[in-house]
Amino acid sequence: MLRLRLSPTFSVGFHLLAFVPLLFSHVDLISADTEMEGEGNETGECTGSYYCKKGVILPIWEPQDPSFGDKIARATVYFVAMVYMFLGVSIIADRFMSSIEVITSQEKEITIKKPNGETTKTTVRIWNETVSNLTLMALGSSAPEILLSVIEVCGHNFTAGDLGPSTIVGSAAFNMFIIIALCVYVVPDGETRKIKHLRVFFVTAAWSIFAYTWLYIILSVISPGVVEVWEGLLTFFFFPICVVFAWVADRRLLFYKYVYKRYRAGKQRGMIIEHEGDRPSSKTEIEMDGKVVNSHVDNFLDGALVLEVDERDQDDEEARREMARILKELKQKHPEKEIEQLIELANYQVLSQQQKSRAFYRIQATRLMTGAGNILKRHAADQARKAVSMHEVNTEVAENDPVSKIFFEQGTYQCLENCGTVALTILRRGGDLTNTVFVDFRTEDGTANAGSDYEFTEGTVVFKPGETQKEIRVGIIDDDIFEEDENFLVHLSNVKVSSEASEDGILEANHVSTLACLGSPSTATVTIFDDDHAGIFTFEEPVTHVSESIGIMEVKVLRTSGARGNVIVPYKTIEGTARGGGEDFEDTCGELEFQNDEIVKTISVKVIDDEEYEKNKTFFLEIGEPRLVEMSEKKALLLNELGGFTITGKYLYGQPVFRKVHAREHPIPSTVITIAEECDAKQPLTSKEEEERRIAEMGRPILGEHTKLEVIIEESYEFKSTVDKLIKKTNLALVVGTNSWREQFIEAITVSAGEDDDDDECGEEKLPSCFDYVMHFLTVFWKVLFAFVPPTEYWNGWACFIVSILMIGILTAFIGDLASHFGCTIGLKDSVTAVVFVALGTSVPDTFASKVAATQDQYADASIGNVTGSNAVNVFLGIGVAWSIAAIYHAANGEQFKVSPGTLAFSVTLFTIFAFINVGVLLYRRRPEIGGELGGPRTAKLLTSCLFVLLWLLYIFFSSLEAYCHIKGF
């Protein structure tokens, strides 16, 4: 399970955090009493009030002045309810971020026209990564803070409140100091993480600091204590301006105007990636949204766009090769694992190595935190099960089929001419086996004729109750005439069912189909092989394709048009583009011996599996001239098998000589024997014998049409299809998205093991821990409730986006009321409650997400790069929208929208100063002695983390002092 491991420094910091509000609360009680005695009138400004105001949704808990015990009870209820609401917001934000991931993963197809006129298609993402991070991604991670500010203003008659703005500033401080401090510390010792897109980081950091400086300017400089309409609107419009500036920096549009850009397809899912290059020498066109754009003429995207098609193909091939390499390594590392487990491991490894968005890490952190399990491992396991199930499709008749199916066991049968009879098996599957089923059969001529080649047969087969298999026999007529192989057909027809329910025992034809019918195959083909010829020897086909993963390839050599006598057929392999000697296949040669009446033999060749994604190599398998085994050779072979005789290759008196070996290790004088032929070769032949010899010559074995088989070794179909499926399924939007409500409800009620993300492999399935069960049961209400949110599959994620943000708004309204009532119950001001408790609660999922991103990602962008952008968006959207609405409302009524500059202006100024220190330290850490913003030597990590935690504690400390008038603000 993912845990937030904190150093002693962090532990001390959080203990101080809990102590500070209580300290000031106690001090304020004393000062409040003193001021009341001295008729002070500033207690409302400088102390927390114990009198609560009606919330946007929640009413006031009466009576307003409870006893000390009741205050503790009320504070506990408010605090627990607030924490539970934070859990709910985290879970619905998980759905919200899933929809954002799906939306920003949308692609469009473009057509590339090559110089030779050929066209090819590829896909590009619609959303720019930087734009999506600053808009939808930032909105997703900061939605509670933004909505809290808007709801607070709108819910309190468009008057300014402390909770929303203070939450935004407090959340920004927590993100800037605590989250970055944690990310610096959790990177393993000696490792570093750098920000990849430094230009974008500079722009967003500058805008983040400017955003809070701008708040100070409009509150304390331009129009102190009043927010005018143009100030609110300009604050809001800074948001799209910030996005444009970040996009310009990302695209290098201002600084690299005249640097020609070259575009190639990325390794992940055919995405187009930009890199700088020389002016193109050839003309390339690209079609987007149905229009062909000539990059040489139109200077597409402020640079000459060159879509290097060859390089794109190479990168696609490289991605597949990488996937194939991973599968091969896993197979070698885990030879005992099944294909499902190997696919799961490969899928998880590829997804783990893939660059991930901020949304993904936020979703992953929330699900691990709430007992929903590791989404990467769950997705990998699901895909593996689906992939294996695709290979295990069973086409047989289901046993629970209500209709009985009657069919032949196989569609083709073979027999020799001298076999006497051929047996055909009829099967019965499914339906009610207590019924009696009748089925008619009859033979039909093919190339074989009834009466001369086989016996015409017809009849009825009866399946009694419980019987599932029957056998019928057809007589085969033998003759001594050389003839081609012939065939005839056997048909099934007229299925009838008998049951006790029917009056006459036989059901009517129009009722039979509901109980029994013919299955497939209902016709069998019987081939009769002639046995009067020694045979024609051939391969089944001239070319065969085999998978390199086949291992031992077996090739059939057929003996047609006769099967009389013993025949030896030599064979050998011949190299083509495939090499023998164990490189692509093992060289094979030998002889096949067909016994009398034997019609099929197999040749085995070992194919070497080197698991290439694409392979197309050939070799040949050739059979030589067949020869009849003469009587002497036949006897020698028999003696060799039984008694250890070998052929010497010598002749005595015209007869072959055989040597019997008594012992191989200690030879003794051998015995030489001769076997005389039954006939004398020198004796003249009679006319009858001459005719017999002529007939015998006609019946000698010969080669058929296909004597040289071309074997094409291809990549393993299973291996290739597995790689292709993994390539298609490595889209993170598919991992975090959902397709149906059923899937969402199953996921909501299922508790999964939250395994450590440090694991490189899935390993064996683990059971959920006690912590997983506790968190699951604490959050199961929210999980089931938010399972009603539309799946991300609908409207390309927009349906889920809209419903989720409405849900977040409702929960945020409850959180605002609970936080305000909690603060007033214990005497804390809203500004302090917001900075400490609400900001912490809304930032916990981001803390987990950044921790995971810091340890898993190659760069620091996903962990801290979005912090600065998110802070700027919080101000421009959260405060800009809320204050614009309120300023317009008051201006329409002829009033001014007044905002007290004191606490907020002080907090903003303090945060801005500390933020400069934070960014300066991060940039200094890029020096070679440390190597990056995150990680580095242990001493440097500790010093940096301690400094950032100290900055945050100082921010909380001074903000609280100012809020309670212990120091003077602005």
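Indices start at 1 and increase along the chain as displayed.
Positions of Cβ are set from backbone N, Cα and C atoms, glycine also.
When ASN133, ASN157 are looked up in Swiss-Prot, the one carrying the note N-linked glycosylation site is ASN157; the rest have no such note there, which does not rule it out for them. What Swiss-Prot records as N-linked glycosylation site, among ASN41, ASN866, is residue ASN41. Of THR868 and SER900, Swiss-Prot records each on a different side of the membrane.
Of the listed segments 251-270, 511-530, 551-570, Swiss-Prot assigns region 'Putative calmodulin-binding region' to 251-270. Looking at the topological domain 'Cytoplasmic' (250-797) alone, the prediction's average pLDDT is 68.
Counting Cβ pairs closer than 8 Å and at least 6 residues apart in sequence, the transmembrane segment (872-892) and the transmembrane segment (798-818) reach fewer than three and form no contact. If you look at the repeat 'Alpha-1' (138-178), the same-chain residues 6 or more away from its ends with a CB under 8 A from one of its CBs are 13, 55-56, 89, 93, 96-97, 100, 208, 212, 227, 358-359, 362, 805, 808-809, 811-813, 815-816, 819-820, 829-836, 838-840, 842-843, 845-847, 849, 866-871, 873-875, 877-879, 881-883, 885-886, 889-890, 897-900, 903-904, 907-908, 911, 914-915, 918, 948-949, 951-952, 955-956.
GLU548 (Ca(2+) 5 binding site) carries a helical DSSP state (H, G or I). The closest partner of ASP530 (Ca(2+) 3 binding site) among the binding-site residues, by CA position, is GLU548; the full candidate set was GLU548, ASP584, ASP610. GLU548 (Ca(2+) 5 binding site) has its Cα within 10 Å of the Cα of these binding-site residues: ASP584, taken from GLU417, ASP479, ASP584. Annotated pair ASP584 (Ca(2+) 6 binding site) and ASP479 (Ca(2+) 3 binding site), C-alpha to C-alpha distance, rounded: 48 Å. Counting other Cβ atoms within 10 Å of each Cβ, the lowest count among the binding-site residues GLU417, GLU548, ASP610 belongs to ASP610. When Cβ-Cβ distances under 8 Å to the transmembrane segment (202-222) are tallied for each of 72-92, 229-249, 822-842, 904-924, 942-962, the top count falls to 904-924.
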